[in-house]
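One structure below.
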Amino acid sequence: LIGCGGIVMALGALLSALPEFLTHQYKYEAGEIRWGAEGRDVCAANGSGGGPGPAPGPLCPRRCRSRTATNMMYLLLIGAQVLLGIGATPVQPLGVSYIDDHVRRKDSSLYIGILFTMLVFGPACGFILGSFCTKMYVDAVFIDTSNLDITPDDPRWIGAWWGGFLLCGALLFFSSLLMFGFPQSLPPHSDPAMESEQAMLPEREYERPKPSNGVLRHPLEPDSSASCFQQLKVIPKVTKHLLSNPVFTCIILAACMEIAVVAGFAAFLGKYLEQQFNLTTSSANQLLGMTAIPCACLGIFLGGLLVKKLSLSALGAIRMAMLVNLVSTACYVSFLFLGCDTGPVAGVTVPYGNTSAPGSALDPYSPCNKNCECQTDSFTPVCGADGVTYLSACFAGCNSTNLTGCACLTTVPPENTTVVPGKCPSPGCQEAFLTFLCVMCVCSMIGAMAQTPSVIILIRTVSPELKSYALGVLFLLLRLLGFIPPPLIFGAGIDSTCLFWSTFCGEQGACVLYDNVAYRYLYVSIAIVLKSSAFVLYTTTWQCLRKNYKRYIKNHEGGLST
């Protein structure tokens, strides 16, 4: 099944790249575009067009018209994503179960830790591959790229987005073929601890096999006469049985809370770094790829290694999960104090020309830029010599591509009316960022150490024949509760702190400027609430095991290992 899933994924990856070969080549509008130095638009009032009909006039309608001609290739991409999702499903529940069945119990946590480490390491490699591909021109295989008059820094550049899909599709296909070489079950090796360590559900329910359940006559031998329909019919009963086990349910919900933090917090971490510490998108992603992700990989691996080396019992493993959860929650609390203010932004947080006038109307459009026809479809901030950030060189009234002669800088001498690209720096921001990065590394590593102990406890609290199904329930609930709602909740919370929205062809676009303090408090507080919920669930699990260890873990003398 894992091999078949890999081939389905390979097909999905190849389908993802197909639009590049089925549609016409990308055509960009040649010549200069109405951006000045560093890609920043400038005031067009004194340009060639002048007056009421400046250069950007025909630009926007043309771009708006091009939006209506969307072809249907995106449907192919959606279908490909569905195949990728289906193909990726078997490897986690069945892979963990296959490993646990065929290695010594004391080594299981280490190997499962390695598997989960790879699941985090893979996306990191994907980000690197994606950034490498987008540096190549989209149609590089069809045309001579030496004739191009644009570079990757140009807004019109589109990279070879499809290259990574082709490479990954090929790798998936060949690695899937290896899966078919493994037998259905490996020959057992003598391990005296194996029999004494078989985990179980509450004793009263599984003391002896029940022939009435429609599937299993003997715990490990399926009834050959049971039809597919009968096996499906017993699923609700088995699911109810699993979820009635408080240890199983609490561990699953705690895992969902932990994953929710990762899915929601990590999804917007790049944007958070951009807004809080004035980083560019590429540098924010590079820093995350080089720090947080490797630390998380190391944490998952260390979690599995510690369970093995310390021979932790189920109680020991849950205590470890509680401890690392507490430490990582403390790291999140420290994030509340690590960040920068939004600073003065002309027309958004302070009025034009006067940074302290109370009660003045805040409007990005001012008499000093009213004839400039400034666009709000993108955010290209500039820092004025007066220490105020402007939404773009156009909004600062700059009429020259070298960003001088900016009419809106009224509080500085005329010869100093210049701006430089980027937001104005906030005092102490650099130091706060370095501290944040260090704490983020520690937080990623320690927080990830709870993953392997949680899964190990889970597979030790169900009977062996239900192990694969129990893992299936875990990963289903992780997807439903851990990956879908949190990004929506985090995203809605972040949007509520927006100060200025971009507009494109009359429609509201993305938020380009946030209230940094409100953003930080809301964003970090949601993560703290989720981490605290996980701690409560871990504590409940610990209480259940402490009070009635025999009921949930049969091998009450030792633990998860020897």
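Any Cβ shown, glycine's included, is placed from N, Cα and C.
Annotation source TrEMBL lists signal peptide at 1-17. Residues or ranges marked as transmembrane segment by TrEMBL: 72-89, 110-138, 158-180, 247-267, 287-307, 319-338, 471-494, 522-545. The domain 'Kazal-like' feature in TrEMBL is assigned to 362-410.
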Tertiary contacts of the transmembrane segment (319-338), as residues 6+ beyond its ends and Cβ separation under 8 Å: 254, 258, 303, 306-307, 312, 432, 435-436, 439-440, 442-443, 446-447, 449-450, 453-454, 457, 520-521, 524-525, 527-528, 531-532, 534-535, 538-539, 542
In terms of Cβ proximity under 8 Å, which residues at least six beyond the ends of the transmembrane segment (72-89) contact it? 5-13, 15-16, 18-19, 22-23, 172, 475
Are the transmembrane segment (287-307) and the transmembrane segment (110-138) close enough to be called in contact, which here means at least 3 C-beta pairs under 8 A that are separated by 6 or more residues? yes
Report the mean pLDDT of the predicted model across the domain 'Kazal-like' (362-410), rounded to a whole number. 78
For the transmembrane segment (110-138), sequence-distant contacts whose Cβ falls under 8 Å of one of its Cβ atoms, 6 or more beyond its ends: 20, 26, 92, 95-96, 99-100, 103, 145, 148, 152, 157-164, 167-168, 282, 285-286, 289, 293-294, 296-298, 300-305, 307-308, 448, 451-452, 455-456
Among 158-180, 247-267, 522-545, which stretch has the most Cβ pairs under 8 Å to the transmembrane segment (471-494)? 247-267
At a C-beta cut-off of under 8 Å, are there same-chain residues at least 6 beyond the transmembrane segment (522-545) that contact it? List them, or none. 246-247, 250-251, 253-254, 257-258, 260-261, 264-265, 268, 272, 314-315, 318-319, 321-322, 325-326, 328-329, 332-333, 335-336, 457, 486, 489-490, 493-494, 496-497, 552-553
